[in-house]
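Undergrad: One structure follows; several queries about it will come next.
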Amino acid sequence: MKRKLLSFVFGAAFGVAAVSAASAATLDDVKSKGHVQCGVSQGLPGFSNPDDKGNWTGIDVDLCRAIAAAIFGDPDKVNYTPLSAKERFTALQSGEIDVLSRNTTWTMQRDTALGLNFAGVNYYDGQGFMVRKSLGVTSALELAGAAVCTNTGTTTELNLADYFRANNMTYEVVAFEKADEVVRAYDEGRCDVYTTDQSGLYAQRLKLTNPEDHMVLPEVISKEPLGPVVRQGDDQWFNIVKWVLFAAVNAEELGVSSENAEESMKSTNPSIRRLLGVEGDFGPAVGLDKNWAYNVIKMVGNYGEMFDRNVGPDTPLGIARGLNALWTKGGIQYAPRSANGGCGHDDEPGCTCRGQAP
Amino acid sequence: MSVATQEVRQQKSSIWNDPRFRSLLSQVLLIAAVIWLGWEVISNTMRNLEQQNIASGFGFLDTTAGFGINQSLITYSEESSYGRVFVVGLLNTILVSFLGIILATIIGFVVGVMRLSKNWLIAKIAAVYVEVLRNIPLLLQIFFWYFAVLRSLPSPRASATVLDSFFVNNRGLYVPRPLTEPGFQVVTALFLIGIAATVAIRIWAKRRQDRTGQQFPVLLTGLGLIVGLPVAAFLVLGSPVTLNYPQLKGFNFVGGLRVIPEFVAMLLALSIYTAAFIAEIVRAGILAVSKGQTEAASALGLRPRPTLRLVVVPQAVRVIIPPLTNQYLNLTKNSSLAVAIAYPELVSVFAGTTLNQTGQAVEIILMTMAVYLTLSLLTSAFMNWYNAKMALVER
C-alpha cells in the first residue's frame, strides 16, 4: 500500500502513473467529474475555434459535444483544453484530457508506439500547398528552391521533405510552433509556400490580409485521415468514442437528423429503431443509456449536419464533401452497423441498408 | 574524580550520544533516501511507460530523421539521424547564445556607462532604454523584432544590394562565401602564431613593468602581429581565396553565405533585452566604488582616464561579475523561446519535431534538460573562474 501510494505521488509528478490508475475507467471518471475534458486545437476555423463569445465551434468540437450528449444527455458538459501540435499526445497520455479531437492524423507509429488508439476518422484530409497567385505557379512540381512555411510537431514536415526529395527539388523549411505565426510569416513574405492539410489551408487563408491573392495548388501530397484519439487500455471508453462517431455517420446514411429525430422514433425501419434505441439495447454494453444515440443526433446532429455547419459549402471555408461524402454518395465515409440481423434478411419496407449481413 | 570512573563513564556513554556519529548517520540516511527516491521515480516511469505501450530507450537516435532544417553549422540532410538533429539544434542554440552574450555585454556596458553620464540627454536616453526594455516580456520583443525585420525587408526579386555581391531581402542576408585555395593555411597559421606571440609579449611586458616600471606598447605590437603579418602573407601569396557570389535563381538566391532573418531577430531580441539588465548591473558596479577612491587617485595626480582604468574599473568588475553570470545564464535559457519564430534551435528541432515524430517524450525532454543544465554549468564554471581571478587578493 505504502509503495503504491508513493508510486502514485512520484508518478503523478511525472504525469504518468496517474493514468494507469485512471485509465481503467475513463467513463466513471468522466461521470464523477460531470464533464468530458476534450483536447482541441488552439484555433483552426471549422475544426476547433473559439467564436467571438468564447464558445468553441467546429467539426472536432461537435464530436466532443456528441460524446457529452451520449454520456450526460447534455452536449454542453464539455471542458476544452487548447493544445499545440506537440503537446497533444502528452496531454492525452498523462490523463489531462479524456479524448483528443484535434485534427490529428492517424498513423501506425502514433497508434502503436504512443500508447494511443485512434477511434475513427471524422475528416479525410490531404496535405496541400498554398502560394501567391502572383508567383504564376500552377503545380507543386514548379516549387523547386522555394521557402516553405509550416508547423513544427506535425506530420506535414516529413511529408514536405519526402515530396521534395522524391521530386529532386531543393527547398527551405521554416517551421513555427503555432499556426498563427506560420500565417503571419507567410503573409509577410518570409515564404513562397504555405503547407498544411488542405482543410487547414482553406481555413488559414481566411486570416490572410488579402485571401483572394492566394491559391491552393491542386496536388495533394499525402493522405491525412483525421480523427479522435483515446488512451490504450480502456476498451469501454474507446468503444464509446468510436460508436458516437459511427452513430453520427449511420444517422446520416439512414436519413435521421437533429430535425426529424423525434419522428424517426416512430419509424418502422428496424435499422433506425435500433440506432435510436427503440429496439434492441446497445447502451448498457458500453455503459450508456439506451437512448444515447438519440441524444447525439437530436442535440448535435448527424455527420452531414456537423460537416455542413462547420466546413461545408455554405460556411466561409466552403469545402465540398469530396472524400467525406457517404460511401453511398461517392465518398468514403462508411460506418459499421449497430446490430447484426435486420436488413437483407427481412423485407422491411424503407430499409436503406445496402450490405448483406453475414 | 579518579581515572577509573572516567573510563567507566566513557564506556557507558552510548555511540548515539556522539554528535559526530549522529551527524554522519543522518547524512548517510539522507543520501540513501535521495538515491531511493531517484530510483523509484525512474523505475516507476519505466514500468508505466511499458504498461501503456509507449516506446522507450535511446535507440531512436540512430533512426533517419527525414525532415529538413534551414540552418545547420554541420552538414545535415533529410537522410541524417535524429542524433545528428540533436547536434544541429545544440550548435544553433550555442551559436545564438554565444553571440548574444557578447553583444549583450557590449550594449549593456555602453548603456550602463551612459546612464552615469553628466550629460542630461545621454543619461535619460539610457534610462528610458533600460526601463522600457526590461519591462516588456521577451517573447513579445522576439515577435516584434522578427516581424519588424521581415516587414522592412524587400522580397527576393526586389533585393537591396551593394556591389551586386551583398544582398538583403526577407529571406535573409546574403554575402559572398570565401572559398580557400592551397596556401591559405599559411595565413591561418600566421594568425594563430600572432595571437600566441602577443599573449607572450603581454606577460613579459607586465613582468618588466613590475620590475623596472618601464612600459611597453603591447597594443600596437599585438595589432602588427595579429593583423599585419597574416595580411602581408596573404598579399605575398597572391590572395589565395576565391569568392562564391550569391545569385538569384528561381524563387530564391543560391550560393554565398546566408544569415536567416530568424537568427537576426533572435540575436537582436536576446541581446537588446539582456543588455537592459546588464546596464543596471554595470551602473551598480561603478557606483559601488566609493567616491573616496577617485578622489584619492586625483590626489595622487592620476588623470581621469587612468583613474577609471586602474582604480575604478578593477574594483567595479568584482561587483559586476556575479550578477552578470546570472544574466548570461538567463540569456542561454531564453534562447529556447526561438521556437516561436522558427529559428531551428534545440527546443524546436529536437524537443519539437523529433519528439513529435518519435513520441519519446521522457528521453527527449531529459536530454534537452541535460543540455541546458550543462551549458549553464559550463558558463557558471567559467565565470566563477574569472571571478576568482579578479577577486581581491588580501595580503
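Glycine is treated like the rest: Cβ placed from N, Cα and C.
Annotations per TrEMBL:
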- B:21-39: transmembrane segment (TRANSMEM)
- B:85-114: transmembrane segment (TRANSMEM)
- B:90-379: domain 'ABC transmembrane type-1' (DOMAIN)
- B:126-148: transmembrane segment (TRANSMEM)
- B:183-204: transmembrane segment (TRANSMEM)
- B:216-243: transmembrane segment (TRANSMEM)
- B:263-282: transmembrane segment (TRANSMEM)
- B:364-386: transmembrane segment (TRANSMEM)
Undergrad: Select the range from B:21-39, B:183-204, B:216-243, B:263-282, B:364-386 that forms the most Cβ-Cβ pairs under 8 Å with the transmembrane segment (B:126-148).
TA: B:263-282
Undergrad: If we skip the immediate neighbours and take only residues 6+ beyond the ends of the transmembrane segment (B:21-39), which ones have a Cβ under 8 Å from one of its Cβ atoms?
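TA: Result: 15.
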Undergrad: Which range wins on Cβ pairs under 8 Å with the transmembrane segment (B:216-243): B:85-114, B:183-204, B:263-282, B:364-386?
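TA: Highest pair count goes to B:183-204.
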Undergrad: For the transmembrane segment (B:85-114), give me same-chain residues lying six or more residues beyond its boundaries with a C-beta closer than 8 angstroms to one of its C-beta atoms, as numbers and ranges.
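TA: Sequence-distant neighbours of the transmembrane segment (B:85-114): 61, 65, 69, 71-74, 76, 122-123, 125-126, 129-130, 263, 266-267, 270-272, 274-283, 285-286, 324, 327-328, 331-332, 335-336, 338, 343-350, 353-354, 367, 371, 375.
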Undergrad: Which sequence positions outside the transmembrane segment (B:263-282), separated from its termini by at least 6 residues, show Cβ-Cβ distances below 8 Å to it?
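TA: Contacts with the transmembrane segment (B:263-282): 71, 95-97, 99-101, 103-105, 107-109, 111-115, 126, 129-130, 132-134, 138, 141-142, 144-146, 148-149, 172-173, 316, 320, 323-324, 327, 330-331, 334-335, 338, 341, 343.
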